[in-house]
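Student: One structure follows; several queries about it will come next.
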Amino acid sequence: RDFQQADMDHLSRWKKWKRTSSKSLKKGLSEVKGLSSYLVLWRHDIHSIEEKFGTGIQSYFSFLRFLVLLNFIIFILMFSFITLPIIISKYGIFNSTIVNISPKNTEVNCTIYEPSGNKGLVYFYTYLKDLLSGTGFLEVTSLFYGYYTIDAAWISIMRYNLPLAYLLATFAYLALSLIWLLKRSVEGFKQNLVHDADPFQSYCNKVFAGWDFCITDPNAARLKHRSWQCELQTDLQEEKLKQKIAERTMEEKLRIYSLRIFINIIVLAILSGFFYSIYRVTVFSQENSNVSIRNNTRTDLVNLLVQYLPSIVITLANFIGPLIFSFLIRFEDYTPAFEIKLTLMRCVFLRLANIGVLLFSLWSQISVCGTDKCKPCGYNYKLYPCWESDVGQEMYKLMIFDFIIILAVPLFVDFPRMLLVTHSSCKLVQWFGLQEFGISDNVLEIIYGQTICWIGTFFAPLLPAIATIKYFIIFYIKKISLIHTCKPAARPIRASSSNFFFLVLLIGLILAFIPVGVSIARIPSSKACGPFRNFNTSWGVIPDTILEFPAGLQQVLFGMASEAFAVPFFMIICIVMFYFIALAGAHKRVIEQLREQL
């Protein structure tokens, strides 16, 4: 510091002021960053969970916080660019008006859409049924696609193209989710490099270089102690299992590999049974619920049960499947970290494939039908006059039913179980013990719900608002359940597994691209509702908008969409990718050399 001060004496006034200002700015930014950390959502709650239950369970709650923020931003995006312009136009704010264009060159039958909105005197249970199923008064609100039957809005002197805004907002929320998830997934690679080091180096890092000497608060010190204790327990447990695996004889290896093959065959058989059940139930539900609504031949309760049948079967499959997988994986003799990953992958495949089977069943009803039914409109307009709203209702029902189950399990299963274990001396009850907080099961619940939200947002633009409220409530439910009704995991779990959560969520997002992409590009849009009723498909608004551009810009854009541009672009991308793969290999070799030197 004395040397720097002496150096300052020889500087000009301008350089002195510049250096002083730079230091003051850095100090100010550092203080602002420190203060902003206190504004982080659930900061204190997550730190207390980490202190009591370790970094593994803390990573689940951090993951939940990430989804709350993501859904809130998606809701702001969809509301600002789709719902808000319509609200402004309908109420004439800023001298705004709505432009409705009648469908062109369309059969009259295709334009008939009569939502089952409630009229006259309505009983309370009817509102409750509508709230659960998304029909009735909810069907005609801004929650669903069918509400946005507007071609443009004039806000003051500006024409707002709603169909284009609707499609671009859809691309924007998917792109935002992808970029944010990739960023969070990449952040974990540095930690993985440290964890992949040899055990001796890992222990040296923890014992000699693990302590943060900036810690002065006793509570923070206690938290750090417990965090390192959990980490060392995990390391010792994994080393013990690795030693056991290394000492296996050839006979034991043959036995365990044969058992794993047999268990995987059982898993495939279970998955096939679930998928076929969902397909049959969805077809039955769609055919019978539509017929019963038109003929009014069933009671409201039976209609609600028929409409919820796919959601009930999917939820049962999601509940039974992980229990079977968790039981089977005990016989496969993997490490705790790999057990979580494999169970997650199996359960993710089950849950996400269930959604895929449901959507495939719906599309088979919407687009694959007799020639007479589909010829005038390109889709089954008799059963699905506004098929986008119907798909949105299915996604809405899945989300609501999933939320009800998440609420019901702690209240009607975990809490009574805790009371029995605490106040009963029965040996059978004590053998069952308290519920263990299963990270993989809880992560799967929210990944499944988030995938539904991504798929459903195109068909129900305000679905992210429901998802935000849902995850906000789930945080407190899970926190209360963890503290009062659960016991710590029998085997410690490494926090770095949380990076794997984002990779699994990325799989859910990629799966969401497929149904949304098919709905936009392949299936004819409804002619009776929605912003795309004047286009053959939702994608049709893009070339239609490009035709309004100057001729030179049109040629550039259409040229970029042609094969002449796509093939060289793909080749350049491949060359760049191979370059980065080679660069990564070179970096890996340097890292190995540095490790040897260390």
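Cβ coordinates come from backbone N, Cα and C, glycine included.
Sharing the record's features from TrEMBL:
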type	residues	note
DOMAIN	386-496	domain 'TMC'
TRANSMEM	66-88	transmembrane segment
TRANSMEM	164-182	transmembrane segment
TRANSMEM	257-279	transmembrane segment
TRANSMEM	308-331	transmembrane segment
TRANSMEM	343-363	transmembrane segment
TRANSMEM	398-416	transmembrane segment
TRANSMEM	454-477	transmembrane segment
TRANSMEM	498-518	transmembrane segment
TRANSMEM	565-586	transmembrane segment
Student: Does the transmembrane segment (498-518) come near the transmembrane segment (66-88), with 3+ Cβ pairs under 8 Å (pairs 6 or more apart)?
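Tutor: Between the transmembrane segment (66-88) and the transmembrane segment (498-518), which are separate recorded stretches, there is no contact, as judged by 3 or more close Cβ pairs.
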Student: On average, what pLDDT score does this prediction assign to the domain 'TMC' (386-496)?
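Tutor: Mean pLDDT, the domain 'TMC' (386-496): 83.
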Student: Using Cβ atoms only, state whether the transmembrane segment (66-88) and the transmembrane segment (398-416) have three or more pairs under 8 Å that are 6 or more apart in sequence.
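Tutor: Contact criterion not met.
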Student: Need a quick answer: max count of Cβ pairs under 8 Å to the transmembrane segment (164-182), which of 308-331, 343-363, 398-416, 454-477, 565-586 is it?
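Tutor: When the Cβ pairs under 8 Å are tallied, 454-477 comes out ahead.
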Student: Could you count the residues of the domain 'TMC' (386-496) that DSSP puts in helix, in strand and in coil?
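Tutor: Grouping H, G, I as helix and E, B as strand yields 86 helix, 4 strand, 21 coil.
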